[in-house]
Amino acid sequence: MAVKCESSSPMHATSSGLLQGDNPLHYSLPLAIVQICLVLVLTRVLAYFLRPLRQPRVIAEIIGGILLGPSALGRNQKYLHAIFPPSSLTVLDTLANLGLLFFLFLVGTELDPRSLRRTGKKALGIALAGITLPFVLGIGTSFALRSTIAKGVNQAPFLVFMGVALSITAFPVLARILAELKLLTTDVGRMAMSAAAVNDVAAWILLALAIALSGSGSPIVSLWVLLSGTGFVLLCIVIAPIIFKWMARQCSEGEPVNELYVCATLAIVLAAGFCTDAIGIHALFGAFVVGVLVPKEGPFAGALVEKVEDLVSGLFLPLYFVSSGLKTNVATIQGAQSWGLLVLVIATSCFGKIAGTVCVSLMCKMSVQESLALGFLMNTKGLVELIVLNIGKDKGVLNHQIFAIMVLMALFTTFMTTPLVIATYKPAKMAVTEYKHRTIMRKDKDTSKQLRILTCFHGTRNIPTLINLIEATRGTEKKEGLRVYAMHLLELTERPSAILMVHKARKNGLPLWNKGKVGESNQVIVAFETFGQLSKVSMRPTTAISTMTSMHEDIIASAERKRVSMIILPFHKHIRLDGHFETTRADLRNVNRRVLQHAPCSVGILIDRGLGGASHVSASEVDYTALVLFFGGHDDREALAYGMRVAEHPGITLNVVRFVTDPEVVGPSVHVDIVQDSGPRPGWEDDESFLADLKQKSTGDGSIIFEERIVKDVTETIEAIHAYKKCNLFIVGRMSEGQLVLSFDTKSDCPELGPLGNLLTSHEISTTASVLVVQKYLSQLPEESLYTLKKGDEEEETEI
């Protein structure tokens with residue numbers, strides 16, 4: 001069997017099994033499976049350990065490839081010949097390049113040619129400076145390399161390859177870094193994304209030039225390659241949009257995309273790759289060009305990305321980094337001269353990119369801090385850098401030593417981007433003194449001033465209830481009496497589709513909200529815009545694109561910038577048809593808890609049971625009954641203040657029910673030591689004063705109905721609440737105070753809702769009413785309130 005599988009003879013695909021004496025590692029399929037699994041495990045583990053350093057996953061993948069290659073584990077020849085034998089490298093490279101082909105198709109879908117036409121002069125100048133200076137310095141460095149460790153290489157292609165390698169900015173990696181650092185919607189973030197998009201296109205053009213020049217033929221052949229490539233691109237620009245637009249028209253919104261169209265598009269990608277490979281400018285170019293020409297909106301584009309991205313970016317793309325790692329041998333960098341050249345290449349790359357960007361940025365009247373941050377960001381390398389280096393290595397333009405030097409340069413420059421940007425650039429924060437109204441309750445009792453609310457949503461599920469709640473909250477007909485910031489919460493992942501969202505977000509921080517487009521996102525913006533126009537509410541759409549672990553930071557930062565009085569969050573569970581709640585996503589609950597703990601204003605958690613139905617209810621048709629359950633305390637007063645705002649709507653009746661313990665009852669059912677707590681609880685006077693104002697208003701037009709219920713125990717309290725189950729909206733405080741509340745059952749899987757919120761989502765109260773659980777802003781939350789927020793973390797750790 002060993003003789004049969006030597007490197008001189010081709011590998012068979014599958015083995016007969018260990019029991020029949022075959023070693024699976026001597027056959028291509030089982031060996032490829034082992035290689036893929038090894039790569040996935042190592043890169044994911046490295047990505048996990050690099051996450052605290054806020055490094056993009058490409059860093060982990062490059063390091064993983066180097067570790068698996070001859071630089072580290074590959075020093076053991078037994079391992080290298082067992083896991084990565086020479087006879088398996090053809091299969092590995094084929095799989096890696098096939099995955100890369102489709103990944104670059106996805107990268108092409110991220111790039112919108114129309115955005116390039118909208119690029120401002122400032123961004124264009126920064127992009128050109130960030131390309132020109134490092135390109136020239138790269139050519140200068142190539143002379144130093146040719147005279148030392150690169151003797152005998154073809155001069156013209158070597159000069160171009162070095163210039164391209166030093167002038168590239170990795171657009172996808174840059175987008176992830178900006179999103180991770182919360183800089184997407186800053187001036188620096190928008191400028192970096194615009195300049196990087198221009199840089200991306202220029203890099204591909206220069207790479208095509210470098211490949212054409214690296215051919216073994218005469219200059220005439222290189223010229224024909226360039227002309228043929230240009231002709232191919234022009235032909236695609238004419239034909240491909242016609243085909244893709246026809247396919248897109250056949251795909252209706254809300255219906256699954258026909259599999260035939262997806263397969264036809266993937267076949268076009270492969271055919272384009274074959275054509276560019278036959279021309280002589282690498283198969284990747286064809287796939288990239290097709291991706292650029294695919295329509296960016298509608299269900300067709302979404303279906304393409306959805307069906308391709310996980311398999312390609314998660315499974316096959318890491319193989320390309322291993323393929324690069326197997327060609328990278330750091331041991332070839334020996335002696336002071338080689339290490340000195342490595343330092344020279346890194347210094348030249350950093351100086352050219354950073355200095356060129358900073359100089360033009362300063363000329364454009366950007367601050368020194370912003371200019372430096374922009375320079376560091378534009379110095380980001382990534383996958384395209386590795387593609388350039390690998391093509392140069394395969395074409396014989398780069399030898400082993402220069403290849404290793406350039407890979408380490410790409411790794412170093414990308415790794416340093418995040419810490420340097422964090423150290424140099426801190427966006428200016430608004431002075432805290434400007435932030436006065438942090439609650440619905442106003443100390444000066446002047447309710448005529450504008451009320452600002454930040455509402456958050458993850459998808460279209462909660463939009464109808466959210467809009468109907470805003471309608472109920474708009475109060476009396478006062479100009480700009482209510483301003484609502486509707487924040488779309490989007491998770492940042494390593495998927496290419498996430499970068500597509502980031503790319504669309506760069507202009508105004510409004511991802512997926514472009515007028516004139518068809519799709520789910522358009523339905524959302526149309527719904528908010530229509531509501532704002534009809535109800536005279538100032539609607540300001542915004543967004544947060546971040547990981548789930550840091551999403552609360554975006555919400556809190558936005559609330560501080562907008563100086564809102566309340567944040568309204570969606571409950572992490574949704575109602576099923578049978579009336580029971582089902583968890584939408586567990587980590588959404590963690591986002592809510594962190595916001596409750598650190599919010600700079602009051603917070604409401606909206607438990608959606610379909611307030612007003614599945615569509616917006618116009619102001620003239622609103623006929624709701626809202627109910628405030630009042631037991632006492634800060635949160636209950638804030639909930640009541642919100643309820644009084646709701647009561648200003650002419651179509652809403654507010655019932656306020658105050659629960660008081662029967663004085664004749666001595667506390668066997670109330671777990672409070674009455675003897676020790678003989679005086680009134682703290683805040684009792686504030687409750688009485690606030691209720692006195694309410695009682696005066698309740699005697700007017702009947703929009704507010706006040707009732708006081710004397711109850712003996714918890715059972716009687718629940719029965720009293722059950723009598724109001726036919727209302728449309730419950731408004732309750734998160735941490736109510738008083739003897740009755742202390743005796744509620746505190747065992748719940750959602751302690752962040754508080755006792756009343758848990759009761760109204762339990763089976764004890766069978767209702768179709770939505771619930772708004774309100775927490776009032778306090779500079780320091782009470783210990784009991786903090787305990788309920790941290791309790792969930794302890795329970796999760798116990799489960800783990």
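A Cβ is built for glycine as well, from the same backbone N, Cα and C atoms used for every other residue.
Any TrEMBL annotation is an automated prediction that lacks curation.
Feature list (source: TrEMBL):
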DOMAIN    42-421  domain 'Cation/H+ exchanger transmembrane'
DOMAIN    482-620  domain 'Cation/H(+) antiporter central'
DOMAIN    627-778  domain 'Cation/H(+) antiporter C-terminal'
TRANSMEM  27-46  transmembrane segment
TRANSMEM  58-74  transmembrane segment
TRANSMEM  94-111  transmembrane segment
TRANSMEM  123-145  transmembrane segment
TRANSMEM  157-179  transmembrane segment
TRANSMEM  191-215  transmembrane segment
TRANSMEM  221-248  transmembrane segment
TRANSMEM  260-293  transmembrane segment
TRANSMEM  339-360  transmembrane segment
TRANSMEM  372-391  transmembrane segment
TRANSMEM  403-425  transmembrane segment
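Counted over residue pairs separated by six or more positions, the transmembrane segment (403-425) shares at least 3 Cβ pairs under 8 angstroms with the transmembrane segment (339-360), which defines the two as touching. For the transmembrane segment (123-145), the list of distant contacts is 158-159, 162-167, 169, 191, 194-196, 198-199, 202-203, 206, 341, 344-345, 348-349, 351-353, 355-357, 359-361, 363-364, 374, 378, 402: same-chain residues at least six beyond its ends, Cβ to Cβ under 8 Å.
The list of residues near the transmembrane segment (221-248) in space but at least 6 beyond its ends in sequence, with Cβ under 8 angstroms from a Cβ of it, reads 208-209, 211-213, 215, 261, 264-265, 268, 272, 275-276, 279-281, 285-286, 289-290, 293-295, 298, 300-301.
Sequence-distant contacts of the transmembrane segment (191-215) (same chain, at least 6 residues past either end, Cβ-Cβ under 8 Å): 111, 115-116, 119-120, 122-124, 126-128, 130-131, 135, 154, 156-157, 160-161, 163-164, 167-171, 174-175, 178, 183-184, 221-223, 225-226, 229, 280-282, 285, 288, 357, 361, 366, 374, 377-378, 384, 387-388, 391-392, 395-397, 502-503, 506. Of the recorded ranges 27-46, 157-179, 372-391, the transmembrane segment (339-360) has the largest number of C-beta contacts under 8 angstroms with 372-391.
For the transmembrane segment (27-46), the residues of the chain that approach it from at least six positions outside its boundaries are 5, 11-15, 57, 60-61, 63-65, 67-68, 83-85, 88, 91-92, 95, 314-315, 318-319, 321-322, judged by C-beta separation under 8 angstroms. Long-range neighbours of the transmembrane segment (157-179) within the same chain, counting only residues 6 or more positions beyond its ends whose Cβ lies under 8 Å from a Cβ of the stretch, are 56-58, 107, 110-111, 130-132, 134-139, 141-142, 145-146, 150, 189, 192-193, 195-197, 199-200, 202-203, 206-207, 209-210, 213-214, 345, 348-349, 352-353, 377-385, 388-389, 392, 395, 397-398, 406, 414, 417-418, 421, 492, 494, 496, 498-499, 502-503, 545-546. The domain 'Cation/H(+) antiporter central' (482-620) scores a mean pLDDT of 75 in the predicted structure.
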